[in-house]
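Straight from TrEMBL, the features:
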type	residues	note
TRANSMEM	A:12-32	transmembrane segment
TRANSMEM	A:39-58	transmembrane segment
TRANSMEM	A:64-85	transmembrane segment
TRANSMEM	A:97-115	transmembrane segment
TRANSMEM	A:143-162	transmembrane segment
TRANSMEM	A:190-211	transmembrane segment
TRANSMEM	A:223-253	transmembrane segment
TRANSMEM	A:274-296	transmembrane segment
Amino acid sequence: MNWLLLLEQVLNGFQLGILLFLLAAGLTLVFGIMDLVNLAHGSLYMMGAYFCATFTGWTDSFLLGALLAIPATFILGILVEVIALRNLYARDHLDQVLATFGLILFFNEFVRLVWGPIGLDIPLPAFLNSTVEVIPGVPYPTYRVAIILIGFFVAGLLYAIVSKTRMGMLIRAGASNREMIGALGINIKLLFTLVFGLGAALAALAGLMAGPILSVEIGMGDGILILTLVVIVIGGIGSIKGAFIAAIIVGLIDTVGRSFLPEILKLMVAEDSAATAAPAISSMLIYILMALVLAVRPQGLFPPKGVGR
Amino acid sequence: MVNKKFIGLVSAIALLGTPALSVAADSVKIGFVTTLSTGAGAIGKDMREAVDLAVDHLGGKMAGKDIEIIYEDDGFKPEIGKQKTDKLVKKDKVDFVAGYIWSHVLMASYKSVVDSDTFLISSNAGPSPVAGKLCHENFFSTSWQNDQTPMAMGEVLNQRGIKNLYIMAPNYAAGKNMVTGVERTFKGKIVGKDMTKFPAQLDFSAELAKVRAAKPDALFVFYPGKHGAQFMKQYSQAALAASVPLYTVFTVDSISLPRIGELADGSLMTQFWSPDLDVPANKKFVADFKAKYGHYPSHYAAQSYDSIMLINSAVEKVKGDLSNRDDTRNALRLAEFDSIRGNFKFGQNHMPIQNFYLRQVGKDPEGVYTTKVVDTVYVDHQDTYVKDCKLSW
């Protein structure tokens, strides 16, 4: 076993986990509090990346582009909530799935019309486009280190908001019993709208951070949305803490599985079949984990208080 | 009432007189299946531009008949590709089906076309079964068999004294062929190999970390389309270039170069063609393509252009009478057209026998990134699967 390699893969796992957490946090806030199945969350991730690419082009600075893209997506999220989703809270989940699936199609087509089919690139400034030796002897891309740091910072911030502020108190109360806080005279409509905007902003942050690594393209949110759903199912729907831990677990399993499974399989089967089977099995690992969690603890690993019935 | 009847009558007459109806019986119908949507749509766009250019060059006619091209988008999915192919064959009743970027899409669509006695011209995909056991008299290729280009790269690696090689490729039909190809000719040791999920996996950080740990002399990759651009970006961000030089096939092309030029500067690849190839037909193709669309054609475009020119040569040969399938097939086999690659003839299995070159990314006199031929690796190379093909002609 190569320990340096293992450490580097752990970093890679954290980096994927952070992106998943940012998406899962927004999705779980919306799902947990508003009971709205929002499949279009991945579209907000995509829009964040497109906004960032556009603003980066205008301002010639990735940092400014990112700073502008977050409020832009926040506003877009609020618009989507007010125009389309507000009417869906009272409907059952199937209607919500259909309507938000429609939104995915809408956004994909919208992006095609506005930005064209080819996709965009977000150029990185030179100081991020380099490597640092986080682990001695292993140069690691600076940008990925930045993603991990920002992710932990945002996770901390979110924890502080949810556990220490009045809005956070309402969010937690809403996750446990939304009728009750409505009955207590809280403007639940406004709270929902703000929470949705916050979720959109988190998705945008994930999208714009993924942009320079992956390309910015139509449908980029569709694939990662599925992983995000896995994360919130494992973590417990409505739980930010659960989303964080589950995202890191999924990130680690995916990365470490992809990198070490071929070697482990080679000990058991022939080299050729190991090389073919490993990528297939490693992409199944997280779904196997989800199935196990669902079987043993259907409410998720860290359900919010009051849900673990 | 009278008014309505009158309008109906006029429309009926107008319909009878429309050129579409009178021409339909007298045109050469070509279905062209490619990827126009998704992130891979850029490839399809390049191919379509080349086909349109070929039609322009032919003056819109083959043997005096109008050329009718029906483009279909496979959406990067085998099942959609097959649906669209079925539609072309059964509903549109095309004379030729051409196109196909992806080996798995071609494999899914293959039987629908060849079994219906329609000619299938692959403009890119070259999976090994259609060159060997599943070869068919109605299938032709104007590209290559998947293994050939990486086989040429294996030779280049040997020439450059590479002893330890790391391989990365996506886990699908073409990816496996590419790996088989380079393994067939490379004489050194393969110290690591990663087959990544396709097309879902776009982040190669885990694999690149393994490459660094394995300390090979070189890294060989095959990442077509947008995956190539992603890979080059991440390879550059990981700062591997200094320790592990990169050798690629179908990863850097004229579609990705405007976006990643600097990252790919100086990188080496093997190809059957290059925009600077000194062949009269190629010079005309590249010059007119650049004049019309403002950018270099890719190899996808070059092959698509040749597909139309190959079809034209056959239609001309049989004087536009496509009803005799055997004559048309024989005319296709002769491949009497000026290919953009110069030397071109079909092997027993209808796959091209052609040269393979080593090319390198660099700037042209105007400062635009493109590729230049630096060496000829294979002369008149034939794929290795031809021995499994039972065709005789």
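Each residue's number is its place along the chain shown, starting with 1.
Every residue gets a Cβ built from N, Cα and C, even glycine.
Just so you know, TrEMBL annotations never went through curation; they're auto-generated.
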Criterion met for the transmembrane segment (A:39-58) and the transmembrane segment (A:143-162) (at least three Cβ pairs under 8 Å): no
Any contact, the transmembrane segment (A:12-32) to the transmembrane segment (A:97-115), with at least 3 Cβ pairs under 8 A: no
Positions on the same chain near the transmembrane segment (A:274-296), where near means CB under 8 A and six or more residues out: 227, 230, 233-234, 249-250, 253-254, 257-258, 261-262, 265-266, 268
Contact between the transmembrane segment (A:143-162) and the transmembrane segment (A:223-253) (3 or more Cβ pairs under 8 Å, separation 6+): yes
Spatial neighbours of the transmembrane segment (A:64-85) far in sequence, C-beta under 8 Å, 6+ residues away: 36, 38, 40, 44, 47-49, 51-58, 99-100, 103, 122, 192-194, 196-201, 203-205, 207-209
